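**Q** Handing you this structure, nothing more for now.
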Amino acid sequence: MGVTAKIAPSMLSSDFANLASEAERMLNCGADWLHMDIMDGFTTYDWFVHNFVQLLYSFVLIRHFVPNLTIGAPVIESLRKHSQAYLDCHLMVTNPLDYVEPMGKAGASGFTFHVEVSKENWQELIQIIKSKGMKPGVALKPGTPIEEVYPLIEAENPVEMVLVMTVEPGFGGQKFMPEMMDKVRTLRKKYPALDIEVDGGLGPSTIEMAASAGANCIVAGSSVFGAPEPAKVISLLRNSVQQAQ
């Protein structure tokens, strides 16, 4: 396929009080990337709106992308001081353009934004992300048609990775959605050399489905950090991707 296996433990599942040592531990266990989840969080008002969004969608603007609140550029900057790892940053935020400059300055390696919130300015986003020395990627939620990312892949100045969410974004520990593998298969058939990442519920019991569909970048959180021997899980994930190719 012309792509390599990249295993990215999700630092959302790590011990945040010891983030630097957790990052080093994952790299020593064989991780290729460190996956960093940047979420903007709901306010109480947004939570109320979220519960009525299907009824009020045309009338109410949701100000935040996901209900959880995690890390931002200051944490990325702090971690960068202790690690030269590839920091694969997934921006689950409403206004990704606002985050490009601070994330670039902080030392992010990859900047993946959501197609759902960038339909009007994705060309500008990609250009600025690259100008700040980061690799641009685009993510899509389970309910978003795969066709929405095609223009971003086929543009003159394209994204370099597509992240297919295999859970609803916002929380770790959710169950893998196997029906999302149709999106991965479609992407792999259409774009053989594209980095395709999957995130959500990945582990020893689900990796074969993702790898056989064509995913080569694997984000895994609780299945790695919760394992007695994380190195063995990382090795298993990588071997599955390599064998599928």
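Here the Cβ of each residue, glycine as well, is placed from N, Cα and C on the backbone.
Quick paste from TrEMBL:
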- Ser10, His90, Gly170, Phe171, Gly172, Gly173, Gly201, Gly221, Ser222: substrate binding site (BINDING)
- His35, Asp37, His90, Asp199: divalent metal cation binding site (BINDING)
- Asp37: active site, proton acceptor (ACT_SITE)
- Asp199: active site, proton donor (ACT_SITE)
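Buried or exposed, and what's around them? Tell me for each listed feature.
**A** Counting every protein chain shown, the number of other Cβ atoms lying within 10 Å of the Cβ of His90 (divalent metal cation binding site) is 26.
Taking Cβ-Cβ distances under 8 Å and a sequence separation of 6 or more, the neighbours of Asp199 (divalent metal cation binding site) in its chain are Ser10, His35, His90, Ala139, Leu163, Val164, Met165, Thr166, Val167, Val219.
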**Q** Got a sec? Which of these binding-site residues, Ser10, Ser222, has the most Cβ atoms within 10 Å?
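**A** Max Cβ neighbours within 10 Å, all protein chains included: Ser10.
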**Q** Could you tell me the C-alpha distance between Asp37 (divalent metal cation binding site) and Ser222 (substrate binding site) in angstrom, no decimals?
**A** 14
**Q** Using an 8 Å cut-off from the Cβ centroid of His35, Asp37, His90, Asp199, can you name the remaining same-chain residues around the divalent metal cation site, in sequence order?
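**A** Same chain, not in His35, Asp37, His90, Asp199, Cβ within 8 Å: Ala8, Ser10, Leu12, Met36, Asp88, Cys89, Thr112, Leu163, Val219.
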**Q** Including all protein chains shown, what's the count of other C-beta atoms within 10 A of the C-beta of Gly201 (substrate binding site)?
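**A** Around Gly201 (substrate binding site), other Cβ atoms within 10 Å: 23.
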**Q** Take the Cβ of His35 (divalent metal cation binding site) and count every other Cβ within 10 Å, whichever protein chain it belongs to.
**A** 29
